[in-house]
Amino acid sequence: MKNERVPLLGNAADGAAGGSSLDAVEHQRLLARPDLRSSPENMIVDPSNDTDSLLATKEDPTYGSSSGEPYEPSMHRTLEHPTTNLDTMIHLLKGNIGTGILAMPDAFKHAGLYVGLFGTLFMGAVCTHCMHMLVNCSHELCRRLQVPSLSFADVCQRAFESGPIGLRRYSKLATNLINMFLVITQLGFCCVYFVFVAANLREVIAHYFFDLHTRVYLLLLLIPMVLLNLVKNLKYLTPISLIAAILTVTGLSCTFYYMLQDLPNTHTVKPYSTWAQLPLYFGTAIYAFEGIGMVLPLENNMKTPEDFGGWSGVLNTGMVIVACLYTAVGFFGYLKYGDSVKGSITLNLPGEEFIAQLVRIMMALAIFFSYSLQFFVPMSILSVHIRRRLHTEQSRLIGEYLTRVSLVVFTFILAAMIPNLGAVISLVGAVSSSTLALIFPPLIEIVTFWPDKLGRHYWVLWKDIAIMVFGILGFIFGTYTSVAQILNPDLV
């Protein structure tokens, strides 16, 4: 199929477009949407897109439609293996449930029992709304550009290109910022994964044999982590992903079993915390909810994408389940262990029981196997620059492998420098997760629908500004407090 679109996480840059703007638009209309079923863990779509800008040739939504009816992107998507609603739900749940859910009791410690309870539900509602924003903007821009689908970075770029004239010059900058924060976020996740695995292995080995510093276990993990991430094709990681999912479900079930035993009265823990500690709660909570990068890949690959949105759609249903799980783990975990709760709830499980030690091993293995899936995203973005600077196939291959090894070593060094799991999670959430989940989506919505589609009295504009201010404040204070805690763990 000569005109079939390359996989979104593949070598999209190699399919450079040419010709006139109109020809590019007509060409994109006929492109088949790639199949992501074999790689559901992809966090972004087409991060390496290096095609020329596709400005809307006409604002008429029926432009390019032979029938004269409004262009509907989902009707022009062709998939060899589209996902069902249930498939999409499972991928959504799996992509949102990781180390963040195990850190929620620590987040509640920094917020207090009831502030954490209602704050987590509120955070979940805001993040879900931002996901809807991104999907709606994608649909609007797809209609304007007559293309079947767009990635997160593409949505940002096309929004700026077709937005207010004064902002159009910043379209490339906005795209680069999106990709930069995607790389920072995913590498931050990898650092957290390093620390999480090392901390849990240390607990198990210290109980049965001897105690070594966390950095020793980080060093022991380095070689296996490098070897695992030399695998370039996600297809070969599918069995590992399945094993990780089974271990995660089993480990969470056992964790709930321990948390719900002999729960104390609610008055034994503080109902609210100090203002100084709230930024740490924000960073951890937004880290846990940061799944916005996978929203467009899932919606783009659905058999019935019209079921993704709506009040009872796949997105709302999945995120309600996620929010309830986060809230339950945070609430009962903090109630059970109080202020002695650690950066991961697995570290609080009774060390003298074999099942508790088994849970630590299962969760450590699950997160270890999930590292390569998180690592795939920054590599898919950076590989574009590698191909652009190296011209022979052999040099590109060597360059990519060297980059893979260097990035794994880089995340190892960061993890060794900051082996404080709770502080690392909060810092990653405050810096990058807040930017992607709370700042960029409302900004993209404003630019996309400016100036006459922002609601009566510009209520959409004011709503988006409020969310952006919330995200910016969380970014500033969350980053400051997290760094302060890393430098002085006894500060808060």
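Glycine too: its Cβ is placed from the backbone N, Cα and C atoms.
All TrEMBL annotations are machine predictions without curation.
What TrEMBL records for 8-23 is compositional bias 'Low complexity'.
Residues annotated as compositional bias 'Basic and acidic residues' in TrEMBL: 24-38.
According to TrEMBL, the feature domain 'Amino acid transporter transmembrane' maps to 81-482.
If you look up TrEMBL, you'll see 1-73 marked as region 'Disordered'.
Taken from TrEMBL, the feature transmembrane segment applies to 111-135 (among others).
Tertiary proximity for the transmembrane segment (177-199) is limited to same-chain residues at least six positions away from its ends with a CB under 8 Å from its CB atoms, namely 43-44, 47, 98-99, 102, 152-153, 156, 214-215, 217-218, 221, 225, 290, 293, 343-344, 347, 363-364, 367-368, 370-371, 374-375, 377-378, 381-382, 407-408, 410-412, 414-415, 418-421, 424-425, 427-428, 431-433, 435-436, 440. The transmembrane segment annotation in TrEMBL covers 177-199 (among others).
The transmembrane segment annotation in TrEMBL covers 205-228 (among others).
Below 8 angstroms of C-beta separation, residues 40-41, 94, 97-98, 101-102, 328-329, 332-333, 336, 345-346, 349-350, 355-356, 358-359, 362-363, 365-367, 369-370, 372-373 of the same chain, each at least six residues beyond the ends of the transmembrane segment (240-260), sit close to that stretch. What TrEMBL records for 240-260 (among others) is transmembrane segment.
Residues annotated as transmembrane segment in TrEMBL: 280-298 (among others).
Listed as Cβ neighbours of the transmembrane segment (310-334) (distance under 8 Å, sequence separation of 6 or more from its ends, same chain) are residues 85, 88-89, 92-93, 96-97, 100-102, 104-105, 107-109, 113, 116-117, 120-121, 124-125, 127-128, 131-132, 135, 252, 255-256, 259-260, 263, 269, 285, 288-289, 291, 295, 298-299, 302, 341, 345, 348. As annotated by TrEMBL, transmembrane segment applies to 310-334 (among others).
Sequence-remote contacts of a segment are chain residues at least 6 beyond its ends whose Cβ falls under 8 Å from one of its Cβ atoms, and for the transmembrane segment (354-377) they are 9, 41-44, 47, 98-99, 102, 182-183, 186, 189-190, 193-194, 196-197, 200-201, 203-204, 207-208, 221, 224-225, 228-229, 231, 234, 237, 240-241, 243-245, 247-248, 250-251, 254-255, 258, 293, 344, 346-347, 404, 407-408. Residues annotated as transmembrane segment in TrEMBL: 354-377 (among others).
Using a Cβ-Cβ cut-off under 8 Å and counting only residues 6 or more beyond its ends in the same chain, the transmembrane segment (398-418) has close neighbours at 187, 190-191, 194-195, 198, 215, 218-219, 221-222, 225-226, 229-230, 232, 375, 378-379, 382-383, 386, 389-390, 424, 427, 486. Sequence annotations record features per position, and here TrEMBL assigns transmembrane segment to 398-418 (among others).
If one looks beyond the transmembrane segment (465-487) by at least 6 residues along the same chain, the residues whose Cβ comes under 8 Å of a Cβ in the stretch are 126, 129-130, 276-280, 282-283, 286, 418, 420, 422-424, 426-427, 429-431, 434-435, 437-439, 441-443, 446. The transmembrane segment feature in TrEMBL is assigned to 465-487 (among others).
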Same-chain residues near the transmembrane segment (280-298), Cβ under 8 Å, at least 6 residues beyond its ends: 8, 36, 40, 42-45, 83, 88, 91-92, 95-96, 100-101, 103-104, 106-108, 110-111, 115-116, 119-120, 123-124, 127, 130-131, 134-135, 138, 149-152, 155, 182, 185, 273, 308, 314-315, 322-323, 326, 377, 422, 425-430, 432-434, 436-438, 441, 474, 477-479, 481-482, 485, 492
Tertiary contacts of the transmembrane segment (111-135), as residues 6+ beyond its ends and Cβ separation under 8 Å: 104, 152, 155, 266, 269-273, 277-278, 281, 285-286, 289-292, 295-296, 299, 308-309, 315-316, 319-320, 322-323, 326-327, 330-331, 334-335, 437-438, 441-442, 444-445, 464, 467, 470
Cβ contacts under 8 Å made by the transmembrane segment (205-228) with residues that lie 6+ beyond its boundaries: 194-195, 197-199, 351-352, 357, 368-369, 371-372, 404-405, 408-409, 412, 415-416, 419
